[in-house]
Amino acid sequence: MDYPKMDYFLDVESAHRLLDVESAQRFFYSQGAQARRATLLLPPTLMAASSEDDIDRRPIRRVRSKSDTPYLAEARISFNLGAAEEVERLAAMRSDSLVPGTHTPPIRRRSKFANLGRIFKPWKWRKKKSEKFKHTSAALERKISMRQSREELIKRGVLKEIYDKDGELSISNEDDSLENGQSLSSSQLSLPALSEMEPVPMPRDPCSYEVLQASDIMDGPDPGAPVKLPCLPVKLSPPLPPKKVLICMPVGGPELTLASYAAQKSSQQAVAQHHHTVLPSQMQHQLQYGSHGQHLPSSTGTLPMHPSGCRMIDELNKTLAMTMQRLESSEQRVPCSTSYHSSGLHSSDGITKAGPMGLPEIRQVPTVVIECDDNKENVPHEPDYEDSPCLYGREEEEEEEDEDDDASLYTSSLAMKVCRKDSLAIKLSNRPSKRELEEKNILPRQTDEERLELRQQIGTKLTRRLSQRPTAEELEQRNILKPRNEQEEQEEKREIKRRLTRKLSQRPTVEELRERKILIRFSDYVEVADAQDYDRRADKPWTRLTAADKAAIRKELNEFKSTEMEVHELSRHLTRFHRP
């Protein structure tokens with residue numbers, strides 16, 4: 001359909017009078033938002049009959065759109081208000097021209113760098129980097145604030161000072177609560193040292209427990225009845241790296257007073273409310289069946305006290321750690337509950353025995369402290385224990401076996417490295433000996449006499465071949481070797497010189513050759529100047545050719561071409577001569 005050409009202002013009513021409904025819709029799609037909305041929402045009869053007050057009669061400038069087809073497709077979707085607003089928004093986004101209507105907002109053109117912000121966002125990089133620095137600095141500050149010095153830990157009671165003056169030695173109190181509020185791990189077994197302790201409540205941990213004295217449980221209602229341990233939830237975990245184990249003995253008298261025993265008993269009862277109670281005979285069982293399935297061999301009977309000190313703690317720790325590492329992989333199951341009879345309490349370890357007043361006497365109990373790797377900062381250093389007396393829970397044979405196993409574990413990896421690196425040396429060492437090769441008939445068996453005979457045969461062959469060489473006289477007779485005499489050689493040289501000089505003296509000069517006209521080449525009679533008279537510097541008057549020189553050269557060339565130059569008779573007319 002051909003649209004009428006209008007260069008004047010139109011309103012809604014005049015447009016409907018000129019065009020039908022379809023052409024009016026197409027026309028007003030390119031106009032302002034108000035005109036398009038009125039065209040879409042109102043049927044033609046209503047729009048024609050609408051009152052003049054409802055119609056916006058402000059002039060609208062007609063602007064030609066790029067294409068009408070996509071807008072018609074959008075208009076046919078729906079005739080409700082929401083669809084009309086969506087069509088208006090899409091039309092405004094796709095149009096590059098600004099429609100200066102009162103109800104039409106100006107279209108914001110997209111910059112060519114608009115998509116660059118979606119990909120390249122350096123401000124976010126800076127933010128991420130700063131946040132990362134903040135997190136790391138906060139973590140470092142928190143760790144530094146949590147780390148305390150040795151003096152503060154001694155003041156808090158976590159560590160105890162070591163005195164070497166009067167022979168009194170005290171070790172770190174592992175029963176107190178640690179710095180970060182963590183209790184002892186499942187691998188920490190501790191028999192409480194017989195010293196005054198303050199009952200400190202500890203958080204409930206199913207894997208941490210204390211070992212009480214046998215007399216505490218013997219005071220119960222039925223000392224002869226078997227005591228059952230509650231089932232401990234034990235997780236079968238893969239073998240962990242070996243932990244350092246310290247077995248230290250608190251120094252004290254073999255017999256304690258009733259007051260110290262009562263204080264110890266009250267403190268143990270306060271701690272036992274939050275932990276499992278284990279008998280000393282069960283302590284042996286716990287050492288054999290650890291929380292992770294570890295066998296720790298225990299020594300029966302009272303452990304002897306070493307009077308002058310013990311060996312280096314590192315050796316004991318090393319043997320215990322290697323034993324634990326070896327036995328972790330072998331043990332897979334841990335029994336849930338065990339029962340012991342009261343007879344085992346009296347005869348197993350000899351820890352308690354009846355004393356006067358009917359109260360049991362308490363002997364020294366070794367404290368087994370397994371260092372936990374979780375909280376290394378609050379644990380005293382190993383040199384603090386070097387001078388303290390220790391007790392050994394191993395016999396000499398078991399220690400030797402552990403040391404052998406340790407050495408084999410450490411040397412096996414080294415041996416594998418040596419085997420990998422020195423494979424050539426191993427192959428060379430595996431070479432068969434001479435005797436084996438002789439037995440396999442690879443090398444012939446020879447005695448010393450046979451070797452001497454073989455050498456003599458080779459020598460005779462060489463001498464026979466050397467004797468067959470011709471002598472100098474034979475070579476002279478064959479004219480292969482000429483006899484040399486200095487006088488004769490000098491005479492020959494003189495004769496050669498005389499012959500050459502005679503030939504050179506008989507040579508004709510250039511002038512004689514010119515006169516005889518027997519010059520063969522053009523270069524034979526070219527005069528050569530001496531090096532002293534010749535000057536290679538340019539722009540000298542004697543280096544420039546004059547006109548007469550050039551004419552002489554041209555004449556000489558023409559004569560050469562006409563007389564001396566060999567030219568075929570049929571092509572002689574093609575020879576070019578220089579101007580005279």
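Each position is counted from 1, following the chain as shown.
Here the Cβ of each residue, glycine as well, is placed from N, Cα and C on the backbone.
Among the features that Swiss-Prot reports, compositional bias 'Low complexity' is placed at 337-348.
Residues annotated as compositional bias 'Basic and acidic residues' in Swiss-Prot: 374-383 (among others).
Annotated compositional bias 'Acidic residues' per Swiss-Prot: 395-407, in sequence order.
DSSP assignment over the compositional bias 'Basic and acidic residues' (471-494) gives 15 helix, 0 strand, 9 coil. What Swiss-Prot records for 471-494 (among others) is compositional bias 'Basic and acidic residues'.
Annotated phosphoserine per Swiss-Prot: S67 (among others), in sequence order, evidence recorded as a large-scale study or a structure entry.
According to Swiss-Prot, the feature phosphoserine maps to S78 (among others), an assignment based on a large-scale study or a structure entry.
The phosphothreonine annotation in Swiss-Prot covers T104, and the record cites a large-scale study or a structure entry as its basis.
What Swiss-Prot lists as phosphoserine is S467 (among others). DSSP assigns S467 (phosphoserine) to a helical segment in the three-state reduction.
The annotation phosphoserine is assigned in Swiss-Prot to S505 (among others) on the grounds of similarity to another entry. Within the same chain, no residue at least six positions away from S505 (phosphoserine) has a Cβ under 8 Å of its Cβ. S505 (phosphoserine) carries a helical DSSP state (H, G or I).
Under the heading repeat 'RPEL 3', Swiss-Prot lists 460-485. Across the repeat 'RPEL 3' (460-485), the prediction's mean pLDDT works out to 89.
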